[in-house]
Amino acid sequence: MLRFHSFAYTGRQNKPMTLSFPDIFDLLLRFLAVGQLSLLCLYILSNSRQLKALLGSSLAVCLSAYLLLTAPVPDHHYGILRGILLFFTELTPYLLWYFAFSLLNKGLIGENLISEELLKERFHPKHWPLAVKALVAGAILWFLYFFGYLQGRGLFHDINHGLQLILLLHIIFIAVKDLRDDLVTARRNSRLVLTLASCVYFSLTLLLELGDASLRDATVFSITNASLVLLSTSVFGWYYFRGSFKDISPLPATADNQQEITDAAAPEIPVEYQAIYQQLCQRMADGFYMQSQLTITALASELTTPEHQLRKLINQHLGFRNFSDFLNSYRLVEACSQLEDIEHIRKPILTLALELGYGSVATFNRAFKAKTGKSPKEYRDHFQK
């Protein structure tokens, strides 16, 4: 057993704090994880000042605060520092949600990189409406008062945890929703990490809030918690420095350049992908893209090729960032052709959408308007006045 003398911020000496070997080992694990997070934070900020980098660094700070706050040290030894650590800890789910939503959510926007970048730009605080800025500023001030000064004593503590659990469930939803459609490896990895992180945080929160107090305060639970965080930060850091979360996709292809893509001489396709590419072009020329609810798994099965190879071909060599974009590059060209043709003037928009493989006319309308700037009806009226 080791004995340490702790001094509060008032300058008066408190009772000695006794730490057992498991407690010291627990602290070692936490300090190692905090060191990794600090290094990762500095590296991210040294390479970028974009919103994604700032949010990622903020999450690292909040996770470090959580590790220090839940260390095997009695609360009274923290002094004023406890309120500061609690403030950052309680911000973690909100920052994680903001990070996930700005990174992954496509919303009702277009189907290309420009639209995604515009969406990310709109998520930047400097573009928020004044009312939203005021609301966020007020929430931060309230958090500072309630968690920093009152140290979480009050009814809002339970209300806050309820809100956090709702946000974590929403993170899991937006991360999983478009996972199979996403062709960008870096973004797919981000979806998986966010889903796993949210599930772990969700489980820990439920266990800490609803579990037995003796379990929460147990040394084994504390060491296990610290070990899992250290393992997670180590694995994440390993893959991050290997570039697993770096988007290496080329500029996206759109319906406007679909004719170039279908031309075998246009894209530079590596030799090992030439056979798959020729099969893909042939099946698309045969109208396979009109299959309803077509997935990349079904297309890979049709081409008798591994799904990961098809993903890499469509993303890194043809320039599409998700499978819906790839299908739209064929479907929307065919839609424009039929809407311009007087022979199809009486064909209902719903029928056209279903024939092209869309699950609903609303999905078709959004994709069509994002590409042409007009609804299908407006486009038809323009050409067939």
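Cβ coordinates are placed from backbone N, Cα and C, and glycine is handled just like the others.
Worth saying up front: this structure is predicted, and the values here are computed from it rather than measured.
The list of residues near the transmembrane segment (27-46) in space but at least 6 beyond its ends in sequence, with Cβ under 8 angstroms from a Cβ of it, reads 19, 53-54, 56-57, 60-61, 63-64, 67-68, 71-72, 223, 226-227, 229-230, 233-234, 236-237, 240. Under the heading transmembrane segment, TrEMBL lists 27-46 (among others).
Within its own chain, the transmembrane segment (53-71) has Cβ neighbours under 8 Å at 26-27, 30, 33-34, 37-38, 40-41, 44-45, 47, 78, 82, 84-89, 91-92, 95-96, 98-99, 102, 222, 225-226, 229, 233, counting only residues six or more beyond its boundaries. Annotated transmembrane segment per TrEMBL: 53-71 (among others), in sequence order.
The transmembrane segment feature in TrEMBL is assigned to 91-109 (among others).
What TrEMBL records for 130-150 (among others) is transmembrane segment.
If you look up TrEMBL, you'll see 162-179 (among others) marked as transmembrane segment.
Look at TrEMBL and you will find 191-208 (among others) tagged as transmembrane segment.
Among the features that TrEMBL reports, transmembrane segment is placed at 220-241 (among others). Panel annotation: around the transmembrane segment (220-241), residues 22, 25-26, 29-30, 32-33, 36-37, 39-40, 63, 67, 70-72, 189, 193, 197, 200, 204 of the same chain, lying at least six beyond its termini, place a Cβ under 8 Å from a Cβ of the stretch.
What TrEMBL records for 278-382 is domain 'HTH araC/xylS-type'.
Residues of the domain 'HTH araC/xylS-type' (278-382) grouped by DSSP class, helix first, strand second and coil last, total 76 helix, 1 strand, 28 coil.
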